[in-house]
Amino acid sequence: MTTLNTLVAVCLGYVLFLFVVAFMAERSALRGNGRWLRSPLVYTLSLSIYCTAWTFYGAVGSAARTGFEYLTIYLGPSLVMIGWWWVLRKLVRIGRTQRITSVADLISSRYGKSNLLAIGVTILAVVGTTPYIALQLQSVTLSFQVFGTPAPAADALHDYTALWVAVGLAVFTVIFGTRNLDANERHHGVVMAIAVEAVVKLTALLAVGVFVVWGLSGGLSETLARIDASPLGHWQMEGGRWAGITLLSAAAFLCLPRMFQVLVVESDDETHLRTASWAFPLYLMLMSLFVVPIAVVGLDLMPAGSNPDLFVLTVPLSQGQEGLALLSFLGGFSSATSMVIVAAIALSTMVSNHIVMPIWLRFTGGGASVSGDVRHVVLVSRRLSIAGVVGLGYVYYAVSGGGTALATIGLVSFAGLAQVLPAMLGGIFWRGATRVGAFAGLTAGFGIWLYTLFLPSFGSGMILPDALMQNGLFGLGWLRPYALFGIEGMDPVLHTLFWSMAFNLGAFFLASLVSFPSPLERLQGAQFVNIFQHSGAASSWSGGVVQSEDLMIMAQRILGAREAQALFAREAERQGHPGALPETSPDFLEALERELAGSVGAATAHAMVGQIVGGMSVSVEDLMAVADETAQMMEYSSRLEAQSAELSRTARQLREANAKLTRLSVQKDAFLSQISHELRTPMTSIRAFSEILRDGSALGPEDQAKYATIIQDEAIRLTRLLDDLLDLSVLENGQVSLNLRQGLLCDVLDRAEAAALAYTDGPRLQINRDRKAETLVLNTDLDRLSQVFINLISNADKYCDAAQPELDIRVVQTAESLVIDFIDNGSGVSVEARDVIFEKFARVSDGQAGGAGLGLAISRQIVTRLGGAITYLTGQKGAAFRVIVPQGMALAAQ
Amino acid sequence: MPKHVLLIEDEPNIIEAISFILSRDGWTVNTHSNGTTAVDTVHARRPDVLILDVMLPGKSGYDILRELREHPETEGLPVLMLTARGQTKDREMAERAGVNAFMAKPFSNSEMLEMVRSLSTP
């Protein structure tokens, strides 16, 4: 009889063996010569963690209870591997190019890096996996009990068996699962150990099977006859349940965190899938080959009431085949441990990345830079997460008491994790899938699963009260967990699968259709769905030396030869082999990345190093970060450009303003000089003649009168000049207020004529007017208009050089305006002078006429204020001026 | 022999006043009121003293003076410049053009007379 002590010794020896295997594998991987580690065979064998203790022990139990139904558990994954290899290929490609670390990471990345989604999936995964881990612990404990029942001294030990197993597994996982923070999250040691365990469990099961068929039943035909005779032979296939569980296991194969870990995350080369697609179904077939014979023989041999789940152990034991039983025990132990190890790694990655690290970063306020400090924190958080996950499994085991049949727990777990499937497949095949949709689907599915399957699975009255199970939530019959919406009599698992998937899919599609994806989501969606257009065939890791050389070349380009060589030499020395190129250890890569980041920016540096190491294509995140940096630089430079343009614009404006001021200043000087001249000239005459008169003893009375008159004239001229200047100033400043009145045009002209000719000696100028045309009523400032007319008439009087000076005043009324022309019969104004006659002091004639040259300037100001215009009329013989007054101011006389 | 003054000025009243003041002091006064023909008139009249206004129709007093100074016969001709624009800038321009004396309008009759007298005695 194998004692418990030998069993413990065997277990410890086996675990030690696994340690050695894992350690060797890690060593060769680190040295870069572990090509055999990355063979398709190892990949295929690592997939066997699908076959846990549940399948190892439970399949026989299931067959004993429900016949061939256990096959569905194998059928689902086989169908996926054979029929859905393209889905797997896409997942693996996405996982590699996007550097996906877990199911939660995949969902989160696809839906715009939503951490909320990641947390949701992580919680779902933890809740769904915990019973499963408990199941493994239970199976190990049960198998111990099979061997250990007679020894009372072992009671104390086997009570703690599960605990010891849990602790042992946690330690193993911590050691090999968190050795380093490989950027690719690959664990060569662990994968190798799992592959070895896969061989052990297959060998064990096959050995028991061969023993049962040929050793106990006496051959193949006898065995078949035995099967026919047993109740199993009369088993009827229940179509719905068969299809449902096949679907469930297929979904679980894709969604289980540990399966995702080995399928996608640990995958070195997607071409391995080609081998796995036939080899893994073969493995499953071999695993299932002897299940029914063992079950049938077990039912025959073992006393009624013995646990069929343990037939694999108890049948050889009952036949005294302790060696075989021990092998079988190791097979079961392998199944359990490999599952727990990988599940713990997968879950700890999720918990650490999506729950612990975000919280830690928030509390420390640290940036996302992977400094050594953060690395340390990540490692600690991973380790604690592993311990936590395994611990949770143990607590579940301890609390639930391990009473429930193994198969049921497995299916409950499957159904929970299958909820990820719509978001996962939708995410990689449907660009329209959105974060809101994924969240809605997951929440709905998870909620229904929790309510209709997970919580009731603890047993009636454990968590959900009996009353609720019987009468439904709030006493509503249609809310009974096992008969949702009034559908009764269905298998609970199928019932849950149906409703949770219906709501999950419905919510996922509806919410996706009505919500809009964010830009990042849209981009990621395109990247995921069109992954084969975006990435070249993912290549596997190339050798370390080649990478170092490539890194050196790149570093030299960016840092300069001397600096790069110094950095590499420093790193090589630190790694303990000075003179050689440093190995591409994470520490070295980090240091290099930091160094490069100083030159090209963090994101670019990361992308460059990533491109060389592992030959992975640049992820969207990298590209976006590079784009961000570039955009920032471009924005900065365009800001500089804008500033410089602004400056030169300001400078130009200043130059223009300055030139304008200079021009204005010159104009002002000229104007003042002009005024000075106009004022001093009459004053000169006045002063000279007043002095002459003062000491004028010798002056005759005529001279005295003459000089007095000159003084008077000049004084008047001076006064008029000042009046004009003030008038012009007022008009130019726009301070003039118009005094609008109604009056006849002919009256205005009459007054103007009289005033203009008042100071001339006799009516020298003859004025020709058409009084009939002038009989128009004006509504304007009559005095101001009169002032314009006076100026024009007196100009004609002063400057018309004809022998018989005449002035024609012609009035024409058009639709829009009233036109008054003043045309004399003199020689007119020279062409060059016409442009300047309306300017101030623009006296162009040679003769002295007493004016200061302000008249036309004033006239133009007045007419402009009245809304009209004054122009020099070309094409006439003499000087001709046209005054235009807007029609609104002229009304036909009554 | 009475000294000869040529007055180039376009304001009739000022011409009359200056002519009266200088004639009363015994000077022979000729007048001319056009800038364009002023230089020719100076050469024709050959005055002992030239009184020159700045703002003249056709050509400015400065230009007339510069032309006179370029000519050997008139480069030493005593010139009194009168201007109604009495700014420093105008005085400087007159001096650069080669003026002998400069007076701003309005002037004192006696001062003007003294100035002409002093210009006529070398």
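Placed from the backbone N, Cα and C atoms, the Cβ positions cover glycine too.
Caution: TrEMBL annotation is automatic and unverified by curators.
Feature annotation from TrEMBL assigns transmembrane segment to A:6-25 (among others).
The transmembrane segment feature in TrEMBL is assigned to A:37-59 (among others).
The transmembrane segment annotation in TrEMBL covers A:71-88 (among others). Long-range neighbours of the transmembrane segment (A:71-88) within the same chain, counting only residues 6 or more positions beyond its ends whose Cβ lies under 8 Å from a Cβ of the stretch, are 50, 55, 59, 62, 242, 245-254, 263, 273-274, 276-278, 280-281, 284-285, 287-288, 410, 425, 428.
Taken from TrEMBL, the feature transmembrane segment applies to A:157-178 (among others).
Within its own chain, the transmembrane segment (A:190-214) is flanked in space by residues 18, 21-22, 24-25, 37, 41-42, 45-46, 48-49, 51, 56, 173, 176-177, 220, 223, 262, 266, 283, 286-287, 289-290, 293-294, 297, 312, 315-316, 319, 321, 324, 327-332, 334-335, 337-338, 341-342, 345, which lie at least six positions past its ends and keep a Cβ under 8 Å from the stretch. Annotation source TrEMBL lists transmembrane segment at A:190-214 (among others).
Nonlocal intrachain contacts for the transmembrane segment (A:242-260), taken as residues 6+ away from its ends with a CB within less than 8 angstroms of a stretch CB, comprise 47, 49-50, 69, 72-77, 79-80, 84, 87-88, 91, 102-103, 106, 125, 129, 339, 342-343, 345-347, 350, 411, 413-415, 417-421, 424-425, 491, 493-494, 497-498. Taken from TrEMBL, the feature transmembrane segment applies to A:242-260 (among others).
As annotated by TrEMBL, transmembrane segment applies to A:280-304 (among others).
Sequence-distant neighbours of the transmembrane segment (A:324-347) (same chain, 6+ residues past either end, Cβ-Cβ under 8 Å): 2, 7, 10-11, 14-15, 18, 48-49, 51-57, 102-103, 122, 125-126, 129, 132-133, 136-137, 139-140, 143, 146-147, 165-166, 169-170, 172-173, 176-177, 187, 190, 193-194, 197-198, 200-205, 207-208, 211, 257-258, 260-262, 265, 312-313, 316-317, 385-386, 389-390, 393. The transmembrane segment annotation in TrEMBL covers A:324-347 (among others).
The transmembrane segment annotation in TrEMBL covers A:384-399 (among others). If one looks beyond the transmembrane segment (A:384-399) by at least 6 residues along the same chain, the residues whose Cβ comes under 8 Å of a Cβ in the stretch are 126, 129-138, 141, 162-163, 166, 169-170, 173-174, 177-178, 340, 343-345, 347-349, 351-352, 356.
Residues annotated as transmembrane segment in TrEMBL: A:405-429 (among others).
The transmembrane segment annotation in TrEMBL covers A:467-485 (among others).
Per TrEMBL, transmembrane segment is recorded for A:497-516 (among others).
As annotated by TrEMBL, coiled coil applies to A:637-667.
Residues or ranges marked as domain 'Histidine kinase' by TrEMBL: A:674-889.
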Hey, which bits of the same chain come close to the transmembrane segment (A:157-178), Cβ under 8 Å, at least six residues off its ends?
-> 4, 8, 15, 18-19, 22, 26, 137-138, 140-141, 144-145, 148, 187, 189-190, 193, 336-337, 340-341, 344-345, 348, 379, 382-383, 386-387, 390-391, 393-394, 397-398
Which whole number is the mean pLDDT over the coiled coil (A:637-667)?
-> 87
In the same chain, who gets a Cβ under 8 Å from the transmembrane segment (A:280-304) while lying at least 6 residues past its ends?
-> 44-45, 47-48, 50-51, 55, 59-61, 63-64, 68, 70-71, 74, 77-78, 81-82, 198, 201-202, 205-206, 208-210, 212-213, 216-217, 223, 226-227, 230-232, 311-312, 314-315, 318-319
